[in-house]
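Visitor: Quick one: this structure, given as structure tokens, is what I'll be asking you about.
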Amino acid sequence: MNPNQKIITIGSASLGLVILNVILHVVSIIVTVLVLSNNGTGPNCNGTIIREYNETVRVERITQWYNTNIIEYIEEPSNEYYMSNTEPLCEAQGFAPFSKDNGIRIGSRGHVFVIREPFVSCSPLECRTFFLTQGSLLNDKHSNGTVKDRSPYRTLMSVEVGQSPNVYQARFEAVAWSATACHDGKKWMTVGVTGPDAQAVAVVHYGGVPVDVINSWAGDILRTQESSCTCIKGDCYWVMTDGPANRQAQYRIFKAKDGRIIGQTDINFNGGHIEECSCYPNEGKVECVCRDNWTGTNRPVLVISPDLSYTVGYLCAGIPTDTPRGEDSQFTGSCTSPLGSQGYGVKGFGFRQGNDVWAGRTISRTSRSGFEIIKIRNGWTQNSKDQIRKQVIVDNLNWSGYSGSFTLPVELTKKGCLVPCFWVEMIRGKPEEITIWTSSSSIVMCGVDHKVASWSWHDGAILPFDIDKM
């Protein structure tokens with residue numbers, strides 16, 4: 001092949017490759033256009049990605065534009081509907097562990113708040129543990145003297161249920177040394193009581209914003225439930241006390257919508273005493289089991305209707321459930337009057353199950369140690385001593401404390417009834433132990449369709465801490 005033929009051959013081959021390359025590009029463009037024009041079958045250059053995190057919910061709108069990501073943080077969408085909460089309570093055969101925060105054990109080397117009065121409340125999406133901090137951390141000098149109930153440093157904060165009350169995941173709710181909180185299906189409502197004893201004020205927050213206030217009307221330590229309030233069809237109910245802790249005081253029911261108070265009524269309960277009610281929804285009404293800090297070792301029972309009419313009395317059962325208390329065998333029970341002369345008391349709870357009642361109490365008759373829940377046949381309506389079931393939650397070798405009720409909404413469980421749940425506070429430190437501080441952790445239990453074995457889910461922290469040895 002002469003040189004001219006070689007040049008022609010190479011040129012022809014090059015031209016062929018160029019033509020092939022052009023054809024491939026044309027085919028590529030055609031395929032791309034066909035794919036992008038086919039709605040729903042191909043990727044879109046613009047899109048929205050929603051990411052949720054456990055601690056809080058952060059919604060990101062991420063627009064993917066060529067090779068550039070534009071990230072825009074948008075407000076978390078609120079729920080559209082109020083929860084009904086008119087369903088009946090589920091029948092519980094036993095109570096299974098839901099969560100345990102181990103806050104004091106973790107706090108020996110972690111950044112955990114000094115707290116008291118923890119309680120749990122649920123929204124349609126989650127349950128949260130609320131607690132009253134002392135404005136200080138465990139194993140720190142500012143924990144000294146935190147046995148005191150009321151101070152300007154106390155705040156209501158919350159974490160997802162099961163998390164320790166740590167500084168990294170806690171959410172501020174209100175300035176408070178007494179509080180309640182609940183979710184109506186759209187937003188959280190919190191009530192935080194703070195201020196001087198004679199002129200305390202309760203600030204009602206809705207969606208994190210102060211909306212309304214309640215001023216002390218008796219001038220004697222206005223206080224509230226220290227457990228979940230109750231929302232039914234968008235209206236939220238709670239109980240407050242103002243007056244002496246050891247004689248006749250004044251009691252009121254409050255009703256709010258979207259955080260604004262729309263009704264209130266005085267509770268006429270001469271000779272009786274109501275504090276720290278543990279309430280839950282049941283068949284369209286609010287049922288509360290409370291604390292008599294005056295004389296009764298039986299617990300007050302308050303049932304609230306949506307129109308704020310109410311019935312009030314005492315848990316009928318012939319078994320006492322407050323602390324301190326006398327022997328079970330010496331207790332007769334009363335549906336209308338306080339029985340006993342021990343005075344003082346501790347926050348507690350009970351659940352109506354038809355005519356029966358599940359009631360929690362300390363195992364010790366004289367101190368806040370141990371905890372059990374017992375089922376008393378006909379105990380809601382009669383002076384029955386027929387104890388048909390018992391489950392130990394904390395053995396009597398370990399400290400307990402307050403306890404209270406809440407329910408799992410049907411939006412969480414997909415059941416046709418409200419699951420009864422309770423929490424038990426386990427107080428550590430002063431006044432029972434040699435420390436400079438007082439704090440607590442909690443165990444949370446929920447009703448199930450099966451019997452559950454007794455055990456001791458106690459606090460378990462080894463005291464004293466380093467700060468106590470200085």
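Cβ from N, Cα, C; glycine included.
Fair warning: this is a prediction, and the values are worked out from it, not measured in the lab.
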Visitor: Looking at Swiss-Prot, ASP292, GLY296 are annotated for Ca(2+). Which of ASP307, ASP322 sits in that same site?
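Guide: When Swiss-Prot describes the Ca(2+) site, the candidate it includes is ASP322.
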Visitor: Just checking, which of ASN144, ASN293, ASN398 (glycosylation sites) has the fewest C-beta atoms within 10 Å of its C-beta?
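Guide: Result for the glycosylation sites ASN144, ASN293, ASN398: minimum number of other Cβ atoms within 10 Å at ASN144.
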Visitor: Identify which of the disulfide-bonded residues CYS90, CYS127, CYS236, CYS417 has its Cβ surrounded by the largest number of other Cβ atoms within 10 Å, counting every protein chain shown.
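Guide: Its Cβ has the most other Cβ atoms within 10 Å: CYS236.
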Visitor: Among the recorded positions CYS182, CYS279, CYS290, ASN293, CYS316, whose Cα is within 10 A of the Cα of CYS122 (disulfide bond)?
Guide: CYS182
Visitor: Is it possible to get the count of other C-beta atoms within 10 angstroms of the C-beta of CYS288 (disulfide bond)?
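Guide: The answer is 28.
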Visitor: For CYS90 (disulfide bond) and ASN144 (N-linked glycosylation site), determine the Cα separation and express it in whole Å.
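Guide: Here the two Cα atoms are 44 Å apart.
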Visitor: Can you tell which of CYS231, CYS316 has the least company, meaning the fewest other C-beta atoms within 10 angstroms of its C-beta, among these disulfide-bonded residues?
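Guide: Fewest other Cβ atoms within 10 Å, among the disulfide-bonded residues CYS231, CYS316, is found for CYS316.
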